[in-house]
Amino acid sequence: MDKGEEDDDEEAWLQLRPVEPLPSQCCGSGCSPCVFDLYQRDLASWEAARASKDRSLLSGEETQSCPSKLSPETFLAFCISATDRLTKDTYLVRFALPGNSRLGLRPGQHLILRYTQCYQTGLMSQYVESWKAGDTAFWRGPFGGFFYKPNQYGELLMLAAGTGLAPMVPILQSITDNAEDETFITLVGCFKTFEGIYLKTFLREQARFWNVRTFFVLSQENSLEQLPWSYRDKTHFGRLGQDLIEELVGSCRRKPFALVCGSAEFTKDVAGYLLSAGLAEDSYFLF
């Protein structure tokens, strides 16, 4: 290769070099991965590819690809089409997708939300509460290390606290929507009160499927008589502890794989309970 060809090749590699994000592209909320984390990852891939002169090493991972315009690196605007308040602290927000495009999220994946204004209390929830139809929100993704495949597990034991129910919903629905998927599901939702349970209608409809069971754990209730009849035989009071975890694991119809989502304290505690109940570390996933 002569000098001119070397210069052209070097110029081509420089054009492929990842562009460092601007400080304004970071939301500053400590999310992981940050746009700068992704930049460092792509820069390392570029440097390895350049050293070996192999451009195929620059191709993105298949798990990050999706048929929509979503990008893990860049926040994209989505218009809010409707908002519904489900409970005093839970909202259902619907976003419009352009044309006939698809969001491209796999069951178990999630997006990261950006907001630049900081409230005095620093709570993102106040921002979400202010949303109304016609507003715009900025998201990037998809992210997530759990990718569900039909019939991958004999039974999924879903243990969710509060908004931790959210990632369970698309996984559950993907199973019941697929007549070929015969995975058993035991879903346990942990809430403070009966009124705090959201998506009641959806969960009730899902529990009608032959392979789905739902249970609830209420930490601030103590009277079955105050609950509707249909909830009395599947509701426990108090907190999700070791004894109940062992009972749930023992009642599973097939060897369970557990999915856990909630607060950091909830997730840590439940992971310990699962280990004590006999599940190995590769038999559960913590969102």
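Cβ atoms are placed via backbone N, Cα and C, with glycine included.
Features as listed in TrEMBL:
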BINDING   Tyr115, Met124, Ser125  FAD binding site
DOMAIN    17-52  domain 'Oxidoreductase-like'
DOMAIN    158-270  domain 'Oxidoreductase FAD/NAD(P)-binding'
Averaged across the domain 'Oxidoreductase-like' (17-52), what pLDDT does the model get? Just tell me the whole number, please.
74
For Ser125 (FAD binding site), list the number of other Cβ atoms lying within 10 Å of its Cβ atom.
12
